[in-house]
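Input: a single structure, listed below in structure tokens.
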Protein chains: 2
Amino acid sequence: MAEAGEFQIIEKFFTYQTFGAWKSQGVGDDCAIIDTGAGRIAVTCDMMALGTHFLPDADPEDVGYKALAVNLSDLAAAGAVPRAFFLSIGLPRRDDGWLADFSRGLMKLARESGCALLGGDTTRTPEVEGHHAPETISITAMGDLPAGMGLTRKGAKPGDDIWVSGTVGDAYAALKCRWGAWSVMPDLEPALFARMDRPTPRIALGQALLGAASAAADISDGLLADLGHILERSGVSAEIEWEKIPTSVALQSMTPARQHEAALAGGDDYELIFTAPPSSAERIYEAGLLSGTPVTRIGRVIERTSRAVTVRTPDGLPVLLVTEGFDHFRNEE
Amino acid sequence: MAEAGEFQIIEKFFTYQTFGAWKSQGVGDDCAIIDTGAGRIAVTCDMMALGTHFLPDADPEDVGYKALAVNLSDLAAAGAVPRAFFLSIGLPRRDDGWLADFSRGLMKLARESGCALLGGDTTRTPEVEGHHAPETISITAMGDLPAGMGLTRKGAKPGDDIWVSGTVGDAYAALKCRWGAWSVMPDLEPALFARMDRPTPRIALGQALLGAASAAADISDGLLADLGHILERSGVSAEIEWEKIPTSVALQSMTPARQHEAALAGGDDYELIFTAPPSSAERIYEAGLLSGTPVTRIGRVIERTSRAVTVRTPDGLPVLLVTEGFDHFRNEE
């Protein structure tokens with residue numbers, strides 16, 4: 001097999017000239033933004049599996065919570081109000097304890113966010129060598145958008161500021177600590193692990209950014225990768241100042257190399273990364289305050305250059321990374 | 001684990017008092033019928049896997065076609081106009097040949113039905129004992145409904161006629177023939193196998209039944225099982241005349257026992273089964289003519305009795321069956 005990633009698969013096999021009565025924008029975005037004729041909705045879907053997106057022994061309540069959270073994060077990136085979701089779940093066997101815990105975590109976030117479970121499908125996972133494949137979860141989430149509104153990855157312009165919500169790198173650092181590859185002081189562990197297990201979709205912030213931000217994405221693949229998606233779709237480049245990137249106390253306790261790796265390449269943060277003209281800075285800070293979500297200006301959009309993103313330390317040196325954002329098919333041989 | 005089927009899992013773990021701004025009816029139905037405030041839409045989702053819903057070596061073009069067809073069939077059962085779908089696909093490895101064929105079959109039906117692919121997700125299937133789980137496909141399909149309209153499983157009334165579209169039992173008979181358990185004359189095989197590989201969602205018929213039928217479902221689990229869902233949700237029972245059930249020439253060439261098994265318990269037909277007051281009979285026949293889909297009256301809704309469905313042969317004897325509709329978790333020990 002030739003080297004090829006997830007994005008290449010979608011682009012090569014599932015990208016078509018649009019047709020039909022519902023007009024959509026945002027193919028390749030976090031959400032499809034669709035005008036149904038009656039109104040504008042945002043729709044996103046994600047497939048996750050135990051052993052791929054979750055540790056095989058993950059707490060099912062966390063699995064339920066996070067499975068919905070990552071979809072709500074996509075809606076947040078579009079600025080949509082979550083309204084409904086649909087759940088398909090493949091199970092290796094019926095396990096009432098697992099299902100009850102999974103459902104509790106799922107519905108906790110569903111209620112908190114006003115996003116109702118309106119349908120679904122359950123099936124037995126397929127068998128491999130006499131064993132059933134692990135739990136596989138597919139969620140499609142839908143939300144409302146005001147007519148003519150909605151954030152996509154396209155729209156960043158040279159001169160725009162680049163912003164990020166919350167702190168980045170924690171989920172990746174937590175995974176490294178759980179694997180035993182990295183470590184952190186025991187009293188910092190619970191908060192760090194919670195960032196991996198129960199990410200907070202930035203729903204209110206996303207809505208508050210409508211009309212203020214020029215482009216947005218959520219950080220699922222890593223800050224550089226997801227910013228890269230914005231830059232590519234917008235035809236621009238970016239300069240980031242490393243020391244402005246917001247990181248947690250736990251991450252700051254680690255070596256600079258680990259901080260770089262986690263904050264820039266680590267993913268699974270579900271923070272929003274977005275661009276906005278400098279004239280919107282006041283509105284952005286206000287959006288952060290109103291939504292209770294810290295927002296930080298980390299860099300600037302520039303005219304397109306040969307390099308998509310340059311990250312500099314205070315001494316002006318570029319930050320070099322050994323890894324890149326996660327792609328399920330990147331390391332295919 | 002206690003004996004419990006797919007419907008019990010949904011009922012026990014994923015059925016909640018509704019909340020949120022979008023009002024839905026049809027939980028437990030083929031589709032959710034949702035009033036978004038701006039308009040009414042129908043949404044359905046299905047998860048399928050090679051080795052569970054498809055033979056492990058199924059032609060990927062057929063897999064793509066059928067994966068969408070079963071979702072469009074759910075929209076047809078609600079009377080909705082298909083507009084958009086979202087695809088999540090888990091792949092054991094990147095296989096460009098498989099993907100190209102799958103996509104071709106999928107998009108053929110998408111274009112024919114005006115249902116656009118507006119988003120999706122791809123992921124690597126999880127590993128089991130060193131092997132990746134087979135292809136897993138989850139589709140969420142959406143369609144338009146006129147305000148206040150939409151067919152559900154609820155609404156059948158005593159005295160209503162029971163109707164079915166097309167012929168039933170072919171897909172099941174085809175599977176039995178492919179397994180080598182049953183056989184059919186070679187010249188009848190292609191048409192029989194096509195019914196299993198490329199089912200025809202009854203989209204135009206479903207829309208034509210709006211305002212004429214009192215309840216509807218598509219036949220995915222088997223005629224008796226899906227009629228059973230209508231009867232249970234409507235609080236009624238039914239009497240079916242076996243000799244009126246429409247079957248193909250291929251099925252008619254088989255023994256009566258096999259005909260009974262395939263037509264009544266066999267599933268995977270994706271025909272519509274629906275009820276309507278006798279006063280609508282003219283409109284139903286017209287709907288069949290306009291949509292180019294044969295429709296047949298096979299029985300009558302009666303007041304609820306201890307038995308959900310009674311199927312009688314012309315001599316008045318009840319038809320007895322050894323099997324029931326398919327349920328992924330029914331045979332769990």
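Using the three backbone atoms N, Cα and C, a Cβ is placed for every residue, glycine included.
Just so you know, TrEMBL annotations are computer predictions that nobody has curated.
Remember, it's a predicted structure, so these values are computed and weren't measured experimentally.
These come from TrEMBL:
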type    : residues                       : note
DOMAIN  : A:28-143                       : domain 'PurM-like N-terminal'
BINDING : A:D30, A:D74, A:D218           : Mg(2+) 3 binding site
BINDING : A:D30, A:T44, A:D74            : Mg(2+) 4 binding site
BINDING : A:D46, A:D121                  : Mg(2+) 1 binding site
BINDING : A:D46, A:D74                   : Mg(2+) 2 binding site
BINDING : A:H53, A:D268, A:F326          : substrate binding site
BINDING : A:G120, A:D121, A:R153, A:S220 : ATP binding site
DOMAIN  : A:157-311                      : domain 'PurM-like C-terminal'
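On the structure: features taken from TrEMBL.
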residue: A:D30; record: Mg(2+) 3 binding site; contacts (Cβ under 8 Å, 6+ apart): A:T44, A:S73, A:D74, A:L75, A:A77, A:A78, A:R153, A:A217, A:D218
residue: A:D46; record: Mg(2+) 1 binding site; contacts (Cβ under 8 Å, 6+ apart): A:A67, A:V70, A:N71, A:D74, A:S138, A:I139
residue: A:H53; record: substrate binding site; contacts (Cβ under 8 Å, 6+ apart): none
residue: A:G120; record: ATP binding site; contacts (Cβ under 8 Å, 6+ apart): A:F86, A:L87, A:S88, A:I89
residue: A:D121; record: Mg(2+) 1 binding site; contacts (Cβ under 8 Å, 6+ apart): A:L87, A:S88, A:I89
residue: A:S220; record: ATP binding site; contacts (Cβ under 8 Å, 6+ apart): A:V70, A:S73, A:D226, A:G267, A:D268, A:D269, A:Y270
Item to check | Residues from A:D30, A:D46, A:D121, A:R153, A:D218 facing chain B - binding-site residues, CB under 8 A | outcome: A:D46, A:D121
Item to check | C-beta crowding around A:D218 (Mg(2+) 3 binding site), within 10 angstroms | outcome: 28
Checklist entry - Ranked by the number of other Cβ atoms within 10 Å of their own Cβ, which of the binding-site residues A:D74, A:D268 ranks first? => result A:D74
Checklist entry - Which number gives the other C-beta atoms within 10 angstroms of the C-beta of A:T44 (Mg(2+) 4 binding site), all protein chains shown included? => result 31
Checklist outcome for this item: Among A:G120, A:D121, A:R153, A:S220, the record's ATP-binding residues, the widest C-alpha separation in angstrom comes to 31
Checklist entry - Within 10 Å of the Cβ of A:R153 (ATP binding site), how many other Cβ atoms can be counted across all chains shown? => result 26
Checklist entry - Per DSSP, what is the residue count of the domain 'PurM-like N-terminal' (A:28-143) in each of helix, strand and coil? => result 37 helix, 48 strand, 31 coil
Item to check | Listed in sequence order, residues not in A:D30, A:T44, A:D74 with Cβ within 8 Å of the centre of the Mg(2+) 4 site Cβ atoms | outcome: A:D29, A:C31, A:A42, A:D46, A:N71, A:S73, A:L75, A:A77, A:A78, A:A141, A:D218
Item to check | Three-state secondary structure, A:D218 (Mg(2+) 3 binding site) (per DSSP) | outcome: strand
